[in-house]
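What follows is a short report on a single structure.
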Amino acid sequence: MSGATAVGPAGGAAPGRDRPLTMSGISKSFGPVRALTDADLELATGEVHGLVGGNGAGKTTLMNVLYGLYRADSGEIRVDGREVHIRSPRDAIALGIGMVHQHLLQVSSYTVLENVVLGTSAGSGGLRGAARRITELSDRFGLAVDPRARTDRLSVGARQRVEILKVLYRGARVLVLDEPTTNLTPQEVDGLFASLRGIVAEGTSVVFISHKAREVLAICDRISVMRDGRRIATVLRSATDATGLASLMVGELVGEQTSEVAAALGVGAVGEVPAAPPAEQRRPDAGRVRLAVSGVTADNDHGVPALRGLGLEVRAGEVVGVAGVAGNGQVELAEVLAGVRPVRAGSVAVDGTDLAGAPTRRWLSTGVAYVPEDRHRDGILGAGTVADNLLLGAQRRADNRRAGLIDWRRVREHARDTIERYSIKTPGPDAMAGNLSGGNIQRLVLARAFDREPAVLVLQNPTRGLDLRSTRFVYDRVHEARDRGCAVVLISEDLDELSLLADRMVVLYSGEVVGERARGDYDVYELGRLMAGVREDA
Amino acid sequence: MSAPVLTDTDAPAPATERPAVRLLRGLLPYVLALVLAFAVSGVVIAALGYDVVEAYRTIVTTSFRTGFGFTETLTKWVPLTLLALGFTIPLAVGRFNIGGEGQLLVGATAAAGVGIVYADLPTAVLLPLVVLAGVLSGAVWAGIAAFLMGRFRVNEILSTVLLNFVSFQVLDYAATEVWSDPAAGVAATQRVGEGAELPVLGGPPGVHAGILLALLVAAVTTVVTRRTAAGFELRAAGANPRAAAINGIRVEKVAVVALVVGGALGGLAGALEVGGVHGRAIEGMQSNFLLLGIIIGLIARGSALWVPVVAFGIAILEVGASSMQRTVGVPAEMVLIIEALILIFLLLSDVIAGRLARRVT
């Protein structure tokens, strides 16, 4: 607690002396990993309390302890000043604590109504009474959703509203939201924030977990910063700004680095054109077209068309961002561009060679490198060594072989060299890749991609789940690829990331490109409308 | 047992521990599983009213006491090793070849057929032909399952098992209709020509030269899986098919080839049994090699380097078992129980080691 800026509750709201929730001295280890060390948190009535920190800072773990998903090794939780023991979500719910997870857990074939009442006793009015209460709650807090709609027909934003309604329906007085803005359009984010204001105005307290300083500054009354499993500081919204928050989150970084990290955090992109383009004012149209996609149609895993006549051109030294709400064909586009998913129609030309229909090996040899979204599932051989993983895809290349056999000595040598250049934290080339942290796995995947000297680099959500240092590392590599004359396609659900990196942005909706904007020539609301499927001419 | 590990435990090690310590640590669960399996089986044997010490003494020493015992052990080792490898190679890509006995029988039938039809050819010509016929027919037999798997996604476990039943009929047809030998007393083909018989090494009694081929196959398999691009692709496709495909490996093609190669080894085993042991194809010659091959492959954890070693141990148990039945009266099937227990305790040790590792760190 030393050095922490302990501050009282937000001035205006003046919730008095009551403390709906205090957590103190919470420690939690997973095997050798200390996730929480003497962490604490204090909520005031009727505030939105931001809980920020980089990945692995312990935000979600702390809240999972609160919600009874993890049992803390030590520590104390008090609700309304009374010490409580929370052993399961059931206990938490009974104490008026509700949580909305990043991944929504719903029965998709149920209606909204059924999902909300699931796990509760229907109460006096039966289902009809429940429906009335849901409608009443959703009107009161602006959480527009039809109780009779089937959950799987709803957008991600609507499904999140269902989860919030569920928590409110159970009469929660503490609402925990874990990274709630992931996958929301800017408009939906605004709607969510308005609802949260209404919710806290009635005396409920909200914990808002985020790693984005900008959002936290937009909605929270007080902000607690976590780092390395501890609460480092709690600050009043009115007493801080983006840079201040970023430096608290990052801690040891200073000066110029902090501002770059702040940019990475999405600071300063509040509904306006983000950070200025790089100093050298590159002209993206100067390069030749390296990647030309036209009329591409492809199915998803269930045989349903996911891309419908998609066209895209990327030039040498250009980063093209693909924005969109998850599930609009991003995965399929990434896999088509990587030569993994077959196309039904259309062409994908790299440096003038049409690769549609060619085996993946030819795409690789033509210079396509792919950094998949799910790096554990698609990126690495978890049971293989680091050296195995760096060799993967290049096992038939002449320089890796001698007398027809794989030259393991050279491969290991090369791996050692790569580990050093990419600062991969691992005991060595023979360590199991599956034991690396997410950031180090991503470094490994990037190293492999760059080893191929790509003409086209395709990345999908390349910084998801990474800490700041690794995020920055990824951004630097993207810049490096661009500067080498590579054509970069960055598919991301993070508008801030896209704004920061992309020279040009296209919006993917329902498998089509529905809009295109040059850098600096858009605001995020405009993109949000496109992402939500509102046509240009509408 | 989960998917086979990509890098075998005995692959060149990181210099964190001394190799000897690592080896001992790696062997410990095997030793424990072995001891426990014998202990539990001992209780059963005692409960059945037999002399445990005498039974075990017979099992362990038969192979080494007489030349005949040792020869028999080595002779058994050949098909066991080949069928185990025929199981572990497709297993490396996560496919299960449960058709080893069918591949063996079809290989034996084809080998016997060639050996009978061209009985007059000299050894230098006929013997390679016989072996080749076995290998090819085994490959084709597994190839049926591989084709169905690659083309129509037919589960290879089902197709290889079902093809076993078909292979019984194939051999039956050959042994009763085409090349039947009424004088044999059992359903069997006629004897192959002398040129189809494998030379005998050492002895008497001596071991047929097929043992050299089996050793060669085991060595080549080890080198191929560890040192060649094809072997790397095999292991990568097994370790993570999605990541392998994204990195240009045609996983389905690799799986098809692996299954065909596995079948070829089964066919080779059949040809060697014909040319080296029986001199003909006999109904029932598949014995329980398929089951034992799978047990060996699993105990060896898919490692081509360890398969021959484990196969040797199992061969000792098998040869000792029949001797035990003769001298002590304990049913030979008891040994199958011991083998199964070894495997079960070994699998349990994985679970326990995992729990311990979590608790200690």
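Using the three backbone atoms N, Cα and C, a Cβ is placed for every residue, glycine included.
On a predicted model such as this, the values are computed, not experimentally measured, just so you know.
Residues or ranges marked as transmembrane segment by TrEMBL: B:27-50 (among others).
Per TrEMBL, the feature transmembrane segment maps to B:77-96 (among others). Only residues 6 or more beyond the boundaries of the transmembrane segment (B:77-96), in the same chain, are considered here, and those with a CB under 8 A from a CB of the stretch are 3-4, 103-104, 149, 156-157, 160, 208, 210-211, 214, 217-218, 221, 225, 234-235, 237-238, 241, 251, 254-255, 258-259, 261-266, 268-269, 272-273, 276, 287, 289-290, 292-294, 296-297, 300, 302-304, 307-308, 310-312, 314-315.
The feature transmembrane segment is assigned by TrEMBL to B:103-119 (among others).
The transmembrane segment feature in TrEMBL is assigned to B:125-150 (among others).
Long-range neighbours of the transmembrane segment (B:207-225) within the same chain, counting only residues 6 or more positions beyond its ends whose Cβ lies under 8 Å from a Cβ of the stretch, are 71, 74-75, 77-78, 81-82, 85, 89, 92, 131, 198-201, 231, 234-235, 265, 268, 272, 275-277, 304-305, 307-308. As annotated by TrEMBL, transmembrane segment applies to B:207-225 (among others).
Beyond the ends of the transmembrane segment (B:289-316), by six or more residues, the same chain brings 1, 4-5, 8-10, 30, 59-60, 62-63, 73-74, 76-77, 79-89, 91-92, 98, 100-101, 104, 164, 214-215, 218, 221-222, 225, 269, 336, 339-340, 342-343, 346 to within a C-beta distance below 8 angstroms of the stretch. Per TrEMBL, the feature transmembrane segment maps to B:289-316 (among others).
For B:336-357 (among others), the entry in TrEMBL reads transmembrane segment.
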Same-chain residues near the transmembrane segment (B:103-119), Cβ under 8 Å, at least 6 residues beyond its ends: 79, 83, 86, 125-126, 129-131, 133-138, 140-142, 164, 167-168, 170-171, 174, 178-179, 189-196, 262-271, 273-275, 280-281, 285-286, 289-290
Surrounding residues of the transmembrane segment (B:27-50) on its own chain - C-beta under 8 Å, 6+ positions past either end: 56, 299, 328-330, 334, 337-339, 341-346, 348-350, 353
